[in-house]
Amino acid sequence: MTQVARAKQGVVTEQMAAVAKSEGLSPEAVRDGVAAGRIVIPGNVNRRFAPVGIGSGLRTKVNANIGTSPEHHDVAEEERKLQTAVAAGAHSVMDLSTGGDLFAVRKMVLEKSPVMVGAVPIYEVAARLSAESRAFYEMTPDMLFDAIERQCAEGLDYITVHCGVTRQAAALAGADRRVTGIVSRGGSLLAAWMHDHRKENPLYEEFDRLLGIAAAYDVTLSLGDGLRPGAVADASDGAQLQELVVLGDLARRARDADVQVMIEGPGHVPIDQIGANVQMQKALCGGAPFYVLGPLTTDCAPGYDHITGAIGGAVAAAAGADFLCYVTPSEHLCLPDIDDVRVGVIAARIAAHSGDIAKKVPGALDRDMQMSACRKALDWRGMYQAAIDPCLPRQRREASHPEEESVCTMCGELCAVKTHNRMTNP
């Protein structure tokens, strides 16, 4: 029986109780959120790890994408990325591998990860066909659903499935309508398959089949935004909104089937449109948790997209987004390395925390109050402990060699805090 089914029966599961304790909420509040579809607790029946909740009233969570590519595939390197992401504070990792031994990478991640694990099953289908020198055109619905069921059986806690890329919605993302067209890998593959076969998306057409698989393993469905805008000029257009309408209907069907579901969101979005996008998703999707990539607030900052993503992520979280997918400095440029992973997680955590303060999530200000008290006391060790990233501030201060231990090299003897402390505590 799934978490949703138990919640609807009034049962507080072990996972719900654990989430309630970590969030400082009552178990009943978490149970009611799960029953209503406003909270998900991803966790495959075949995996055991500390459960984490995503959704309304909870702290904003952060995901880190790792995984190979056709041009770069090293299982050991992906393991180091996994370790780096978790050490930096990621609540989730997604294996987005598309090259090399995909099974070996996924097996390693599922065995080694102490946090929830997600993936995009259609990538495996595409990679296998490519390895056999076959076009994605040759994919059959059975091949796709077989991959989904196999990966769920292996232990994935949630899967991204681009069910909302219908023929009607994909047509609205044509080259004559958008600057960048379709920028989602899964979305573009399905759009091309539908175009070539003149058939509907099997994930949409056979959604009940997908629900059956997800329910069997209590896998959370992350309904992918295959038509997300890849340019700020494309944001909030017909294709994006049509897909969101479809996802709202599918989310309702998932809840009716006692399957946990969350919705993925844009993308590249001007900062003034982010709040409206979040509100629209919540309204159309019945309050389902919103999982956003960024959003990136400008297109012209390659190499710094962890910053554009953090800006958008903070605004989205403040408006009600629940789950931030990190963006790294390598976005749009290359496969992320270990340093990119660490920087991306920290940037997303800063965005999530900033959003939580704005949302007035219980306890969100505690860390800031701790940091401020330590700054007032010139307690440098305490400042390091209160920092989202304790390592970098310690490194920077120790490398600067201040003449006086109580101050830093920015102000030295002119330290405002020291001056005020001397005035108020003579």
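Residue numbers in this text run from 1 along the chain shown.
The backbone N, Cα and C atoms fix where each Cβ goes, glycine too.
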Substrate binding, same site as N65, M94, Y123, H162, S184, R185, G186, D225, G226, L227, R228, Y291 - Swiss-Prot member from E28, E206, E264, E331: E264
H268, H332 as binding-site residues, winner by CB count within 10 A: H268
Neighbour-count leader, CB within 10 A, binding-site residues: C408, C411, C415: C415
Whole-number Å value for how far C415 ([4Fe-4S] cluster binding site) lies from R228 (substrate binding site) (Cα to Cα): 48
Set of same-chain residues at least 6 away whose C-beta sits under 8 angstroms from S184 (substrate binding site): H162, G224, D225, G226, L227, R228
Cβ-based isolation winner (fewest other Cβ atoms within 10 Å) among the binding-site residues G186, G226: G186
Densest Cβ neighbourhood among Y123, Y291 (binding-site residues), 10 Å radius: Y291
Using Cα positions only, nearest of the binding-site residues to Y291 (substrate binding site) (H332, C408, C411): H332
